[in-house]
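Per Swiss-Prot, the feature transmembrane segment maps to 17-37, 40-60, 97-117, 123-143, 156-176, 201-221, 244-264, 278-298, 333-353, 360-380, 401-421, 430-450; the stated evidence is sequence analysis.
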Amino acid sequence: MAEKKPELQRGLEARHIELIALGGTIGVGLFMGAASTLKWAGPSVLLAYIIAGLFVFFIMRSMGEMLFLEPVTGSFAVYAHRYMSPFFGYLTAWSYWFMWMAVGISEITAIGVYVQFWFPEMAQWIPALIAVGLVALANLAAVRLYGEIEFWFAMIKVTTIIVMIIIGLGVIFFGFGNGGQAIGFGNLTEHGGFFAGGWKGFLTALCIVVASYQGVELIGITAGEAKNPQVTLRSAVGKVLWRILIFYVGAIFVIVTIFPWNEIGSNGSPFVLTFAKIGITAAAGIINFVVLTAALSGCNSGMYSCGRMLYALAKNRQLPAAVAKVSRHGVPVAGVALSILILLVGSCLNYIIPNPQRVFVYVYSASVLPGMVPWFVILISQLRFRRAHKEAIADHPFRSIMFPWANYLTMAFLVCVLIGMYFNEDTRMSLFVGVIFLLAVTLVYKVFGLNRHGTAHKVGE
């Protein structure tokens, strides 16, 4: 009898999945990028987070509906392959892989900068290299151990945000750190009004805010390794998005209410200022540590996703079969190792280019358009998924809402965001980089005849 090959193991519990998704979504962008969006929109950035969150909610409910019936590793890439075509499955998997590689390299770069806060003479490539090693060890461990590591990584930044929101509410309503005098809501309407940046500033910020939600769909990547996936994923999809909304909107609300929006960024990080407001003198060091772990957590979640995407491509015969190799611990070791190798090469940019901020901006911005591809694919796949599962949908306990209008509205919204990115000088280049990448992988697909290898699955296979 042939020896059974190792397979991915269902070792992730609900708490692991929820924190993996939170860890991938709430990253350096919230801690370091809040000042940028406030610069453009003023207090109305709050509304931008709420609007973007509503459309992301529609995307997540669409994905949750499919995950309940088909909890497979690779989720939306597999659904694209199955319900659209092998090409779209291929394009989605590579787009998501590219997005997380770009995010991973940018966050590894950021880690080098954060460590220099304590050790200013240290070359930035040294902590970057150490971080790659730590991420590799975490991702090559058994999936349950990986889930535990990421759980505690993500818990650090989640706890920090919760504490900051509580402190901020105390300052706003009870005057903590302000001589007992409540600050109130004056800063939301003063200094130019709620829409201080005008509609142009609001729409510019909205384009950036949408990108900050990328990573929430990581829940889908965990589907093939979740314990009792129908129950676990249904719970995770519902909880994670609400928590992200509360953390993002709550943190930004506290910042723009306590401080005049036009002063944020000029006097340091708003997170540092909030903790310093109540007399925590070590605020800068605390926040630097939190942002360091946030970068590690985001990169860790990203490498998890990258390994599973390469595994899905190999299973669809769009990469060599060797890439689908799974260790005895149930880890897609070949896919993870290849992704870590690219991350290692990318981290060498820290040695070649002396300006870390330039590396961070260029690489991170390149991830925006490829990161949107899975969202479009989820919405389109679900339209066809419904037609293929008419009987199962009738008594489905986790159906998406406002179907199919929510799908069409969300796709229209995403198209508007892309148009807005084109007309914004700060984001136009990232759009071009994304287009070039998508054209390149399409060319590879056609030239190497990968369509001959990637046959579409039958429904229910």
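Glycine residues also receive a Cβ, built from the backbone N, Cα and C atoms like all the rest.
Between the transmembrane segment (156-176) and the listed ranges 40-60, 201-221, 244-264, 278-298, 333-353, the one holding the most Cβ pairs under 8 Å is 244-264. Between the transmembrane segment (244-264) and the transmembrane segment (40-60), three or more CB pairs separated by 6 or more residues in sequence fall under 8 Å, so the two stretches touch. Against the transmembrane segment (40-60), stretch 201-221 shows more Cβ pairs under 8 Å than any other of 123-143, 201-221, 333-353.
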